[in-house]
């Protein structure tokens, strides 16, 4: 069977004339087989057409009439022409039936189906719903563009659409993939959410973008995903009210004008009162300004922009993996135990339900280390991997990485298909339109509080971590070797995407390199356990594509991005507001209630390391110490501690769970007042070494009154399991607010200071020196409700000291100071609430760990112990920070600053004890101090 091509059939009408005229009396015979082509293959063509006529009898009967004998020549010619036209119609029908693969030609009566459209419902950030119809075969980008057009949103790269799968897990809608392939069953219901939280919301171009970011953060706070203190809740709530309602008007605003708003998971009348009080102080602030202040405070929260995923480590311990702009965060028992900045991550991959992180080797390492985690199932592993790929691409790369184009590839082809943050910022700078008008909706939608997993409000303290039986073993497994990351490798949330920013960071790093070494040095010494040497074969994997030079510069300058000007600006902005906020709570009952709310507010996971040296945006008790203020005697120290000694009362349903935060305790030390001069000979009043120790011991809630003895024991017994001279602090004037000088205290205290900095004080102790050691102890909840049977204690102690040697750090030789005269004085201030019998019952030591990190100017030693006594689980984190300086340091100022820092970093605790130990060693050369 032969099928003629379309080009041959189309050329036949042009060739019909010549054969038809040349046929003459044989026109009928020539007409029947059809026209001959110019090549003279008429007979062959006729033979081919005859079987075709036999195979289609209906078409042949229709197109070929019965032959009739007509004598007239003209009628024969006309009949032949008519038959030729009918035959051409037959040829067209035959070609359409034989050559076409379309089913429509075979079934001309069948109705063509139009593409099916699907009804979509999108829940917006203000609680309203937006409905639209999209083609069933549309990609996710089509629906997302419709939603953004409805919202009049141009800076849309920070946002995305989410949907719930069959397991009720949140998934991000892939804009490059068809919607029907992502939602296999069920209705097409989506939620519009912020996908990438901008590290600096001030860089957003339009107010409408910041407004939707505020809506997302308010929902995060109400749902418990973004925990913050009671003070922060009140301040953010006041900005929310100012943004939506404007200035406070006593004529229009009644006592309950904000009762319809929802500010916190545990919304209370006390919170409303504080919000109203702060709202009155915002008079004249525009809605856009209020939202900017809201974002400036919210971005400093520890959980800002962190996407949490449940997982288990190699030992089967429940952890949480958080993905944010700066990298990967690892939480265990609400403690951030590790962080992997994007420059340190070499590759992320998954295989089945395992998720792997390959870490770039350090300066003194030869091989990469791979850490594996186990997720609930393979879908959760892939979901986490995709989130990591998108965050890394958006925040770190200048251009998105193209998916692999090979036909056969191993692993997933998924890559982030949107614009990066660098591209978004460039596009935002080109926006040229009037500021869009939009209505700021009310907060009536916040009627029910929910936690991350749908738990009730009383379980909000447990939403991030599940309490584990092995929670006491803080220093086990791979985290014992990698825990130094969280104390030294500080990461700023603003990651540079442009070469200019990178060059600026490198220049700043070179300028400050002489003052402090790279904080990542502790990373270099971390060992690799067997659990880290995991197979990296994965179903999906991606690699960081930055150059090594960029990564090294990024790591070295992580904690140098924030300048002193930014710190002072932040302190001025926040502290002034908090002072007016706190000055209103003058009554004792109100203060106790205030501290009670602080203790029961959602726990901050950490003082944001990425914003170091920024302090927590809100502190309940601000210690006003100017830069030149001094503590000349004990009365001023007592005044600092007076407001923090009130007992707190815990109300809630939280079981005993460790709530110590290593990274919060290890945020920063005082800036070095002066560099150490490398002078081998002592100069009077020219060289001085300052030892500032910050011992932070903290636990969270206390049980009942009968357990206050254990709590008081914790408050009194400062000495950790790693310390060798515990008797000094126990016997220096306990219960007295005066001074007691004992020779044993002098000698033991001197030895203790020496042990706190083993690599620095050997030459310093022999030389002439002045020691000032102070211990600030803060304890929370020494008086509790008797109906609690089990809880934990949070205790904080800070120690500040100074050593003034007659030479440089380690260059001093002992032959320069043959004789040392020592004068010692010890002053102890202690709260009368401490139980005198607290230290009689020993605790059972569950775990102990010591972490030491050192730079050119700072040595940090952290002792972490966990004990259980009397049904109370107590975690003690004692930190000593030794700062070396070369100037005439004001020791009283250093003490005041340490107290201030301790209260700023831990606002939910009260100071109960201060020990000032001053030891002056006089050499014959220097004379008496």
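Cβ atoms are placed via backbone N, Cα and C, with glycine included.
Given the structure is predicted, the values throughout are model-derived calculations rather than measurements.
495 is the residue among 286, 495 that Swiss-Prot describes as phosphothreonine. Between 543, 627, 774, the residue that has phosphoserine written against it in Swiss-Prot is 543. Here the candidates are 102, 547, 857, and Swiss-Prot annotates 547 as phosphoserine. Residue 428 (phosphoserine) counts 16 other C-beta atoms within 10 Å of its own C-beta, drawing on all protein chains shown.
According to DSSP, residue 428 (phosphoserine) is assigned to a helical segment.
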